[in-house]
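Now, the feature entries from TrEMBL:
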type	residues	note
TRANSMEM	12-29	transmembrane segment
DOMAIN	19-334	domain 'Ammonium transporter AmtB-like'
TRANSMEM	50-66	transmembrane segment
TRANSMEM	72-94	transmembrane segment
TRANSMEM	106-124	transmembrane segment
TRANSMEM	160-178	transmembrane segment
TRANSMEM	198-218	transmembrane segment
TRANSMEM	230-247	transmembrane segment
TRANSMEM	280-298	transmembrane segment
TRANSMEM	318-336	transmembrane segment
Amino acid sequence: MPSHYRNFHNSVPWLILFLEVVFFVIFYFSHYDEVVSSMFYPDFQDVNHMLIFGFGFFLTFLKRYGFSSIGFNLLIVVLGVQCSMMIEELLLFLPDREREVYLRRIIKATLSLSAVVISTGAVLGKTNPVQLSLMTVMEIVAFHMTRWMHTTFLQVSDNISMMHVHLFGAYFGLAASSRFSEPLPGSEKNASTQKSDLLSMLGTLFLWVFWPSFNSVIGEDKIKAICNTYFALAVSTVTAFMLSALTSKDGKFRMTHIHSAVLAGGVAVGYTACSIKYPWIAMILGLLASLITILGSYCLPRCLNPVLKIHDTSGVHFTFGLPSMLGALAQIVLLVI
């Protein structure tokens, strides 16, 4: 972490205490549903595992921030879910706002935290817990504002507006990273080890396994969303291995490609998972997403990032940003067709 801030250890407890007091006051006026249903618990469990274990280990690739990334990820998730639920409670005062099942609202709050965790990947190693906590609150508020505008003015369905998390999180993180100084080339803050890369790949496997649940948790047709997501993930994985072998000089697989490109299909098909009627469309999306991810890992750090003065620590731009843009374009094409 940067060494120029001094007393963040004294600031963290007071900031967390202040946030919790605010949450206590808002949740004092909240109540559970009269009929409590446990039918949504398996969905909540999958999404929670994905956020805690998947993204937690996904961000352990830096050797100096392995334990920090897992711990900070847990802190961000538990603070962010409470903040997201608080905003949902306040939004219930708006006209024509329907109250949903409480556990389903927690699931949506957990889904919205994906944007914050993705943004954390862009600023990892350059921020302290105070900055991450403040970024979590600000980003959750901004994300709920964009969702409200999408559903109110653009008449976007609820499940499609929620899939905006990848695009929003990637570019919010890139905007935040431009405000922090980039570590010096060759610095230990940019270095990784074989152990840290292995733990990060473990996080990728967690994300890969639970991604169909992520795309189908609030969709209208769960079975179709699960099938489309799996086909897209499978093709993006095969394409990642193929392109990694073709683009490397010695013909070997590079884990930097596999680490990011195998998830591209799940990101790209998020918008259209419930509306794609044929598996081959999801497979084509997975292929194209893996292709632009690997090409982006070559081009963006050399061409675009220096021009925009962006330091993308974990490559969220080509891992989540570009595939989600492809998915949004696919959704527009399907709507027009």
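Along the chain as shown, residues are numbered 1 onward.
Just so you know, glycine gets a Cβ as well, placed from its N, Cα and C.
Just so you know, TrEMBL annotations never went through curation; they're auto-generated.
Between the transmembrane segment (280-298) and the listed ranges 50-66, 160-178, 230-247, the one holding the most Cβ pairs under 8 Å is 230-247. Across the domain 'Ammonium transporter AmtB-like' (19-334), the prediction's mean pLDDT works out to 88. Taking residue pairs at least 6 apart in sequence, the transmembrane segment (72-94) and the transmembrane segment (198-218) share fewer than three C-beta contacts under 8 angstroms. Counting C-beta pairs under 8 angstroms (sequence separation of 6 or more), the transmembrane segment (160-178) reaches the transmembrane segment (318-336) with 3 or more such pairs.
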